[in-house]
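To keep things clear, I will list the structure first and then write my remarks on it.
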Amino acid sequence: MQQAVIANAAQAIHWADLGLNPIALDLGFLQIHWYSLAYISGILLGWYYLTRLIAQPGAPMARRHADDLVFYATLGILIGGRLAYVFFYQPDILLHPLDVLKLWQGGMSFHGGALGVAAGIFYMARRNGLSWLRIHDYVACCAPFGLFFGRIANFVNGELWGRPTDVSWAMIFPGAPDGLPRHPSQLYEAGLEGIVLGLVLSFFFWRTDARNQPGKLVGIFLLGYGLSRFVVEYFREPDAQLGTLSWGLTMGQTLTVPMLIGGLYLIATASKRTPINAD
């Protein structure tokens, strides 16, 4: 396999030849990165789609709640995503506590961001006397927007590349060790976690009665994301500071296992919860 990868290096696509630049706009005194725009785009499109979802009969919240939720979700993404990255992926940052605040240096965890959003939903729901589980159902349908743009931004940044491979679409990333052709795993994740999962959730929301079964849509999201992430991790290069863990899984796969279990549970038990009358 290693010899085949090396032999394929001459035909591999070079990321540097694509003309990509992590900086979207450079004003001299201010640089706007594609990664920042990805977060903003994901949040705004997610909010817009959420307003369409809650316009349907039987929605668990009003428009004003959706507007408030954007604030809590954004805080949850930033705080949860950063803290989880520090604790699970880069604990050495804790030796310099102020570095935890340096979000512009990169380092966010989806699993932590998801927990942060869940905490924000729970707080907002309790504060307004709403069903936190049903709000999760609706928000889950919007999450693929952020996942898609986030992974595309990873690709534009030339980071989180895949494992060495000899496939015809292999790419050479400038920061990858050994200069070997690798899977563009960022695009795999964008396709599975963003496009495919988004279409699946859209089908279940608009074409079935799933939105009236509390917990079913968020269960589908957890299961769909979990399966996508678990599989793509076999094509994605493990984090250099962690590698493959002693039990044979990467950290990403390990953190995904609870999502798979939770998703299966929510789907299996959705029919046992009180159905919502959408009339």
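Cβ from N, Cα, C; glycine included.
Keep in mind the model is a prediction, meaning the values are calculated, not measured.
Annotation source Swiss-Prot lists transmembrane segment at 27-47, 69-89, 103-123, 138-158, 186-206, 215-235, 247-267, citing sequence analysis.
With respect to Cβ pairs under 8 Å, the transmembrane segment (138-158) is most closely packed against 27-47, considering the stretches 27-47, 103-123, 247-267. Counting same-chain residues at least six beyond the ends of the transmembrane segment (27-47), those with a Cβ under 8 angstroms from any Cβ of the stretch are 66-67, 70, 73-74, 77, 104, 106, 139, 142-143, 145-150, 152-154, 156-157.
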